[in-house]
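Q: I'd like to ask some things about the structure below.
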């Protein structure tokens, strides 16, 4: 055996041994005991034919150490930067909207990395992308991970992207270490987690979870340029018949577990100096659209007692949302009036129409729905008191919250402990594809800190160290789940 070949062979064995020790021998061995490490080392030397100390590796990405079980942080950051270049807005912002040219370029980039890793790649009718590493028992439900790469206008380059590129780096780590999965491992790039183009959050994962309602509504869905969903998909290379949407639906036994790596999008981990967040539940939002109609008129000629102001009705409802949310008595209940539009929108014209969009979230579905009902009653009362017409009060979506599965939480906690990383059990208050994957698979999420909790803005940032920690926890958790 040539020296270089022997070194590579030993490197793989060393990585497998390190992973074996971290995983507890995959058969109940006590993790971290000197006897286990020594036994693994002796096995490596026996197979390689020369002492393990002969191997020296650079660790990759500046991480150091002789084990192939490392994160190539430099390579991961480079990929994040390259993916960010596929944007319809100037640096440092990222804008990547569903089925746009930049979205298509990003998809090609992700598939290119999957191909380099030797994953088998498939795409469904709406463009969810799957890269699978076949396990030794491929008939078993797979262990999946992944996230999204679409980006709202003028946002940052880490939201979702860390969960896709980081997942691919986790697969690369496991392959490099010599790990052999029992259950197949799969990385998913979900289509349109953001609602930017068609007003539908988590479009791809929602369909994967079997949403008949969404499949029906997409037949009539258009964007703000009156381009239909199917025409937009066709322009990106996804030509389909409406009935093909049912082919996107997955069965509950397709996946044994799903784990998503994501930046926190909040300040808690950074503020408390904790490296890993283990998500126990995802708060589900309800979206509401409200419209009032009044008489309008000239801002100077119509006296105050004679006015039926649709704008003031909207303003009063916005305050009512805040009031009812605070009355819930729970810190986990939040409400946001994210859109308030007035017509005709002139400084010297009394608004004749107002349009309000409201987001209410909670991990307790009953409590959240109670807030929504109170907001509805307030809208009715405001309409009567102000003499305006409540022309629409429509609940756009009202998704149930999701709890992380105990088995996935256990795997994530195990991984963090083995890596000596402090972790915190926490709730996700942001929407994620995991919310819908929980309908078809045991689910869990790994959070890493992000700078000042910033997200959906150009200042969004996660450090290489924090990303590496998240990737390592993901890799170990997936490996453990794969062997079950």
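Note that Cβ sites are derived from N, Cα and C of the backbone, with glycine treated the same way.
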Q: From 159, 231, 234, grab the residue that Swiss-Prot records in the same Mn(2+) 2 site as 194, 456.
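A: Answer, per Swiss-Prot (Mn(2+) 2 site with 194, 456), from 159, 231, 234: 159.
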Q: Under Swiss-Prot, which of the candidate ranges 254-257, 258-261, 262-265 is annotated region 'Substrate'?
A: 262-265
Q: With 298, 361, 456 listed by Swiss-Prot as substrate-binding, which of these, 308, 348, 370, 469, is given for the same site?
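A: So, going by the record in Swiss-Prot, that would be 348.
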Q: Which Cβ among the recorded positions (307, 361) has the fewest C-beta neighbours inside 10 Å?
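A: Each of the recorded positions 307, 361 was scored; lowest Cβ tally within 10 Å is 307.
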Q: Return the count of C-beta atoms lying within 10 angstroms of the C-beta of residue 148 (Mn(2+) 1 binding site), excluding that atom itself.
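A: Result for residue 148 (Mn(2+) 1 binding site): 28 other Cβ atoms within 10 Å.
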Q: For the recorded Mn(2+) 1 site formed by 148, 159, 262, name the remaining residues of the chain with Cβ within 8 Å of the site's Cβ center, in chain order.
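A: What remains near the Cβ centre is 147, 158, 160, 161, 162, 163, 193, 263, 432.
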Q: So among 148, 262, 307, 361, all listed as recorded positions, which is physically nearest to residue 194 (Mn(2+) 2 binding site)? Use the C-alpha atoms.
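A: Among 148, 262, 307, 361, 148.
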Q: Considering only the recorded positions 298, 307, 348, 361, 456, which residue has the minimal Cα-Cα separation from residue 262 (Mn(2+) 1 binding site)?
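A: When the Cα distances are compared, 456 comes out closest.
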Q: Give me the sequence-ordered set of same-chain residues, not including 159, 194, 456, with a C-beta within 8 angstroms of the centroid of the Mn(2+) 2 site's C-beta atoms.
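A: Neighbours found: 151, 152, 155, 156, 160, 193, 455.
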